[in-house]
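J.: So TrEMBL lists these for the protein:
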TRANSMEM  A:26-45  transmembrane segment
TRANSMEM  A:57-84  transmembrane segment
TRANSMEM  A:104-124  transmembrane segment
TRANSMEM  A:131-152  transmembrane segment
TRANSMEM  A:172-195  transmembrane segment
TRANSMEM  A:228-251  transmembrane segment
TRANSMEM  A:283-303  transmembrane segment
TRANSMEM  A:309-325  transmembrane segment
Amino acid sequence: MSQQTVSSQQAPGAPRSGRLPKINPVFFVLAALLVAITLSNPNFVEPTGYMNFLKRAAPLAILAAGQIYVIVSGGFDLSVGSLITLTVVGSSMLLNNNADATWWVIPIMYAVGLAVGVVNGLVVSFLRVPSLIATLGMMITLNGAAFMWSSGSPRGYLPETFRFFGRVNIQGIPLIQFLPVALLVMLAAGSYLFWLMHRTNLGRMLHAIGDNPRAAQMSGVPIERVRITAFVVSSLSAVTAGILLGGFAGVSTDVGVGYELQAITACVIGGAQLLGGRGSVPASIAGALTLTAIFTLLNFIGLPKPVRDVVQGVILIVAVVLATYRRNRAGGT
Amino acid sequence: MNTPSPVIEMRAITKSFPGVKALKGVSFAAYPGEVHALAGENGAGKSTLMKILSGVYRLDDGAVVVGGEERHFTHPLEAIRAGIAVIYQEFSLLPERTVAQNIFLGREPTRFGLVDHRAMNREARRVLSLFGSAHRIEADTVVADLDVASQQLVEIAKAVSLDVRVIVMDEPTAALNETECEVLFSLVDTLKKRDVAIIYITHRMREITRLADRVTVLKDGETAVSFDEVPEPDAIVRAMVGRDIGDFYAAPATPQEIGDIVLSVRHGGNDRLRNISFDLRAGEVVGIAGLQGAERVALAKAIFGISPFTEGEVMLAGKSARFNHPRDAIRAGIGLLPGDRKAEGLVLMQSVTDNGMLTARALSALAGRADATAFATTEEMDGLLQDLDVRAGSFSQEIKALSGGNQQKAIVARWLALAPRLLIFIEPTRGIDVNAKAGIYHLMRDLARKGTAIMMISSDLPEVLGAADRILVMRGGELVAAFPRGVSEADVMLAATGEEAVAA
């Protein structure tokens, strides 16, 4: 879905194949779900309704926008959920209820994220461990680390200075009344990751190595560097998501559980090719919003958490099947 | 001439794809014990016609008649059950399985419910021996360890073991060298004697003259001409191209056009190459000839840093140039067009422009703008693609849908953007139609005129002789002979096979 990247419509010698600009179906699905939510709960069109929805979706959206980097490059990053946990737990340990420590704790958390991403990338690139296994190992390691650090009983508070990002709403904005900081963070991270994926050489290199690593290498693509960058982007997005989640979910050792699969599901709903070579940041964010909207709807209907899990699993499979079906039909031979 | 009834008959076949009418009422028949050659440029509709016959595509209009009965295949398996086998250019073998396992895939002989490997290997050897290949291919070899020619023989053996009545061969010699071609030709003769009907798709006149009993030429989805006896090659070529092809190869370099030494290798070697010494000059097209296994590609890979030289000295424009990574070689000004475009050249899901821009972007800063690299902007790339006459609905469409010739030109554009000193072409015209071939030869010559050194590795000997200014011959990882332009095919073959002492 790199529809924005290259726009070369001139090829006068050849017949134009009358193509309409293709809109990713995820946007229609999302729109339909938002209508459904509004019908079942008219309050949703009030700022408190949709702003809280966006605020709740922001961590997953950022996570999906990072995960798509790894997926496009032909891998998976399963370590992001436990990195979220480590961010929340680690921050609470370092902060130790000291509101003035936030300014240095956050950079430390990003440094941890950077290290995690680099290690993931190095293990996958140089030790040739499949990313699924490498990041699974990292996931278990980080979960254990979070547990050890907090001795199993994390301290229950994060100071307001830290919770600012995930929790605070900026009041008094005309028309929309208030604006959550989390939404601003999502927009900023989303725009930056959009630019990096769809406007820079890095983005094209990610697509190339996910599509055909051998051809990419023989064309001079610095495969290892690109792949490591993908894992670093994913890890840094996880730290960002962790900071937001710490803001409104509080401290526990299971705060990040399941987020890695939700992020992958969101990317797939957004039409990403599971083995690499194709994927879009806006569509992945839309996928995250879609997933959150589905959960919201199930909540309104009053279905319990296990049902949500079942639904998420089914959605993941259906999305992959649909994507494959669409590609086969479009692909010709 | 008595006319037996055809094994298969295709009547007034019509087939459209979105935006293209691929076949417009084409009729075609194949007779038992005969070779019916199907010629035509890429995009003429040959593959589409054969895919309808083999059940890959469904026809829009017309009829397929097999053994006097009209059939509507909806799946390739149905065609195979009806006795029609297709050997595609891209092999469908499983590389990690043995020869025998591939031949009997899905219908392994069993004993007490388990696969009877011994019986399977025995039967595989029997099939291979039918056409005298049992000695060169062991039934229990893993397919990935075979060279391309042997893989092709396995593919054919698989079809033969199915007792098919019709075998479609899609450019079977594209990857074969002279001796291997002869093996294939005698195999075709054997199949004819067994009353198999063979549909033989090729661009090469020599093969048509040697093998065919009938010839049909397709052009733009229609039957251009159909001969019941094989005519002069010129008549076929005219029907294919629609013009004479006197200027098929570009004119050779004049002495003034040949410039300074660009690449010089002295005593280069690695585990596949021994004592390689040669020079490549600006403005010169040098062809590398040799049989399969002569390690010509290993030489290209050594220069390009994929499997580097471990000994000897390499100089590029006066600087030491023993590279350990393609990226370093590219930075120094070497480009390489791989022989297996799909596996090593193309990123198939990306657009034509993206494929052209790949190397320009790879050598630029990661965070730099993708549409304006230091080497080319996307507009410049699109202009370049247009200059090379790359035919696509739009350059933003996936490159997957383009023909082989257009894909190859897009890869050429990739390198042109970098303005390399040395460009290595490996099998540059494999699977490319006649007109596009001429285009590639002229393109190579144009590049040489602009001062690029061109090294061309090809298994198509007439192509090497026609397009190169100088011919180097390799055998068993060594350079064994060097010839000027105008050398005879026989002399090159002698050097390549090593059957006689060689005078350079």
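Don't overthink the numbers, they just go from 1 along the chain as shown.
Using the three backbone atoms N, Cα and C, a Cβ is placed for every residue, glycine included.
Context for these features, please: burial, neighbours, distances.
T.: Within the same chain, residues 53, 269-271, 283, 286-287, 289-290, 293-294, 296-297, 300-301 sit at least 6 positions outside the transmembrane segment (A:26-45) and bring their C-beta atoms closer than 8 Å to a C-beta of that stretch.
Proximity of distant same-chain residues to the transmembrane segment (A:131-152), defined by a Cβ-Cβ separation under 8 Å and at least 6 residues beyond the stretch ends, is recorded for 70, 74-79, 81-83, 85-86, 89-90, 92-93, 116, 119-120, 123-124, 231, 253, 260.
Outside the transmembrane segment (A:172-195), and at least 6 residues removed from its termini, the chain residues within Cβ reach (under 8 Å) are 47-48, 51-52, 54-55, 57-59, 61-62, 65-66, 69, 164-166, 233, 237, 240, 244, 247-248, 281-282, 285.
Residues 55-56, 58-60, 62-63, 65-67, 69-70, 72-73, 75, 77, 79-81, 83-89, 91-92, 106, 109-110, 112-114, 116-118, 120-122, 124-125, 135, 154-158, 162-168, 182, 185, 189, 193, 196, 202, 206, 259 of the same chain lie 6+ residues outside the transmembrane segment (A:228-251) yet bring a C-beta within less than 8 angstroms of a C-beta in it.
Long-range contacts of the transmembrane segment (A:283-303) within the same chain: residues 1, 24, 26-27, 29-30, 33-34, 36-37, 40-41, 53-54, 56-57, 60-61, 63-65, 67-68, 186, 190, 262-263, 265-272, 311-312, 315, each at least 6 residues beyond the stretch ends and with a Cβ under 8 Å from a Cβ of the stretch.
Through the fold, the transmembrane segment (A:309-325) approaches residues 261-262, 264-265, 268-269, 271-274, 291, 294, 298 of its own chain, all at least 6 residues removed from its boundaries and within a Cβ separation under 8 Å.
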